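Listed in Swiss-Prot:
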- 286, 287, 288, 289, 290, 291, 292, 293, 294, 295, 296: substrate binding site (BINDING)
- 105: N6-(pyridoxal phosphate)lysine (MOD_RES)
């Protein structure tokens, strides 16, 4: 079945196929022209046509893949977070404020952090740093009004940098993750003459859920036990420094799927907070850590790729449960802090890539001896008469030669006699017949052409079974794997390990869909393959059709026309976790805004060149060219090439060194 522009296929059909209205969160939709729209402020009247944008960038000689960063989405996510907490604070009459501190580790790119610091400063938000490089960046980019929370393991130099910033009047809070860090803080504070402001991270009994549940609980990597926390507070009080402990921090996971875990954690942490106040700590802040989820699959569930709550519900629970515990204890409400990096950054980045080609899996071409009036039969039965129950009229077709082995004849009989009523029996018989053919072939008793005929007949049966099964209300378990088995592999110009590492490492789902041709009905079940030389470089789990699917519906490729796909919600962790597998480097990155309905390209960050990625692994251009020159001179001396060809060879290598690491799809 080909993909055609059909009035029966609508924009609504495309939206349901790719679930864009479920995971798009108001930022992504489909236009009347069948292209993907991006609405950074969730205002449909202020939208960017993704296909038009990519075409414009192509006119600037910017090849795909390209990572598009929409600054407006970053700003909108920060404002929405602020609005939700302000609503909760107002509704519950909470007597303090809220701040988000963005963990730089989520997306360390300077342009991204600058956008967040700029918008965050207006809202009173801050930065979380988990290493010395991140702290240096945070202090340099922020001002005195930007709070900086320092997490992670720390050495003397890390702590000295933090306390020196405190001495400058900066609001920097080093958080004690293990007991020895408090010793360092006290020593450095005494050395530089600062009365330190300190936070402590506690290990809660409450654990998160899903793949990040190990971030919380007694066995978590970071934090102090409650016993250690109290012992260190007693130590500070004995030194007349109880007022220095001002922040309590906990963390139950990077993505909290079930709101119940958050409620339990807040209640537990709030109880600890009020007890610290009673014991003499100068508490001011309750840092609830990360975990505010992102609904990658649009299911609004507690699955690992979703969340069963809204941002407003999250804010309400944090405020309400903290307030309730503090009011019961007669303790002032703390200033609330969250480290909601994933929720802020995920939506703003979109990776666009071009399809390079397709490999069909389980080709259903029938053997050459199956003909109708001299023409080979196609697997969709075009031009073939069917009887009243759907079987093929065999009088028009030739069967296998008599010399062919019996299992091949069995496959042929099953194919031509298959109906809705006997399709399961035929399918099972076909599996047995194919196994017999493979055994005969391995034993040297089945010629290669008969093996090809058997495989073609088997896949033709599978295609026909899948076609007949589409009318069934409930597909039998034996047939549920057919879409996956018969799916095409669409090869796209990207590296999974560079641009979507979480898809490979932890089976993270990311929405993927074409950015154009969405008014055409897609007809191909597909999985995606990248261009690395690694069998793991594939995507075979997708957000579509109302849930997680093993294949993605795509359109047949058209000769001479590009077919472009986008991966959405890759703004959190993917860029910084990406690696140089096969030396595919960073993609081009483009920062985009919209003003009065006009798309503005704010900046273009060119992707890595071949020379740059070779430099990362200690190769030098000069040395490589010198080595090549030696080979060229040897080839000239041996008469393999002339001087003109030598110049062409060296020039080609020099061009390659300055070129993009990804494949070129431009025609020369």
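Every residue gets a Cβ built from N, Cα and C, even glycine.
On the structure: features taken from Swiss-Prot.
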| residue | record | Cβ contacts under 8 Å, 6 or more apart |
| --- | --- | --- |
| 105 | N6-(pyridoxal phosphate)lysine | 128, 130, 131, 134, 341, 573, 576 |
| 286 | substrate binding site | 247, 248, 269, 270, 273, 322, 334, 335, 336, 337 |
| 288 | substrate binding site | 250, 262, 265, 266, 269, 318, 336, 337, 338, 339 |
| 290 | substrate binding site | 103, 251, 253, 254, 338, 339, 340, 341, 342 |
| 292 | substrate binding site | 81, 256, 311, 314, 338, 340, 342, 343 |
| 294 | substrate binding site | 255, 307, 342, 343, 346, 347, 569, 572 |
| 296 | substrate binding site | 23, 305, 306, 346, 508, 509, 510, 511, 543, 569 |
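Secondary structure at residue 286 (substrate binding site), as computed by DSSP, is strand. A coil conformation is recorded for residue 296 (substrate binding site) in the three-state DSSP classification, outside any helix or strand.
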